Amino acid sequence: MMRLQFIFISLCVVYCHSKPTEKKERVHHDEPLSSLKHDDSQNFDYDHEAFLGHEEAKTFDHLPLEESKRRLGIIVGKIDDNKDGYVTEEELKIWIKKAQQKYIFDNVQTQWNDFDTNNDGYIGWEEYKNVTYGSYLDSPSEDSDFNYSQMMERDERRFRMADKNGDLYVNKEEFTAFLHPEEFSHMRDIVLQETIEDIDKNGDGYIDLQEYIGDMYSPEKGEEEPEWVKSEREQFAEFRDKNNDGRMDRQETLDWILPEDYDHAEAEAKHLLHEADADRDGKLTKEEIVEKHEVFVGSQVTNFGEALMRHDEF
């Protein structure tokens with residue numbers, strides 16, 4: 001029952017309005033590399049968080065200088081994926097994206113043990129279904145407030161899409177795609193399909209203006225329409241409905257919910273490469289990166305830093 005209560009709460013967060021005047025956000029953006037302002041004339045704190053992630057950047061801020069350099073050298077070895085002794089812009093970008101998306105993998109790890117009930121390193125559909133819908137499956141007649149059978153069908157469809165080899169078992173990467181489909185290119189269609197199913201009330205396969213606004217805003221009787229709703233009407237007409245037929249088709253909906261955002265990780269990788277590439281050969285050696293350690297990581301001689309030197313990972 002606890003799992004069904006969790007689903008109920010999750011659905012309320014995703015599909016309900018806490019206040020009629022609040023806007024529901026359907027658009028999926030990349031997580032920011034850092035909440036800090038990027039101003040290298042002041043400090044390199046933004047670069048530190050982009051390169052290491054927020055928590056690890058705080059750790060490095062308290063390390064003695066030599067220990068900070070030593071750990072940075074270890075990280076360089078991890079970034080150099082093909083082990084050719086150089087770090088390319090692409091390898092830097094991949095590393096930064098991993099730091100950027102760490103919150104996703106933390107979330108997956110938190111849920112993994114709940115669903116891998118036999119501890120075999122995989123989650124089968126039957127395991128997921130029994131943990132998530134066990135109470136409903138035991139007493140399906142109690143399905144009154146929510147259509148759990150429909151929710152289960154939707155989950156199974158998404159599970160099958162994430163399960164690349166079709167054996168109805170997912171590894172951790174596939175489970176990540178199931179929980180966070182917006183992060184995986186092969187899951188884009190399922191994100192699109194679920195969005196249209198949620199908003200397309202008349203079932204014609206399109207999202208018209210009324211459905212678009214209705215998904216975001218439920219007015220109370222006598223309430224004046226907020227300014228942001230008026231702005232969304234204009235956005236729909238000027239930018240969402242690109243062919244001006246009064247509704248969004250699948251491609252227009254996809255462009256709305258999964259926009260081709262500015263690639264912050266790529267921009268940061270170019271920036272770090274520019275800062276540290278002393279010989280301008282378009283790639284970085286370990287020596288070049290460590291020489292420019294102040295750009296990549298922080299350091300500070302403190303007693304706390306001495307204690308962190310004993311961290312097992314390094």
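Indices start at 1 and increase along the chain as displayed.
Yeah, the Cβs are placed from backbone N, Cα and C, and that goes for glycine too.
All annotation found in TrEMBL is predicted automatically rather than curated by experts.
Going by TrEMBL, these are the annotated features:
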DOMAIN    67-102  domain 'EF-hand'
DOMAIN    103-138  domain 'EF-hand'
DOMAIN    150-185  domain 'EF-hand'
DOMAIN    187-222  domain 'EF-hand'
DOMAIN    264-299  domain 'EF-hand'
SIGNAL    1-18  signal peptide
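Between the domain 'EF-hand' (103-138) and the stretches 150-185, 187-222, 264-299, it is 150-185 that has the most C-beta pairs under 8 angstroms. DSSP assignment over the domain 'EF-hand' (67-102) gives 26 helix, 1 strand, 9 coil. On the 0 to 100 pLDDT scale, the domain 'EF-hand' (187-222) averages 94 in this prediction. Spatially, the domain 'EF-hand' (67-102) is adjacent to the domain 'EF-hand' (264-299); three or more Cβ-Cβ distances between them are under 8 Å for residues at least 6 apart in sequence. According to DSSP, the domain 'EF-hand' (103-138) comprises 27 helix, 2 strand, 7 coil.
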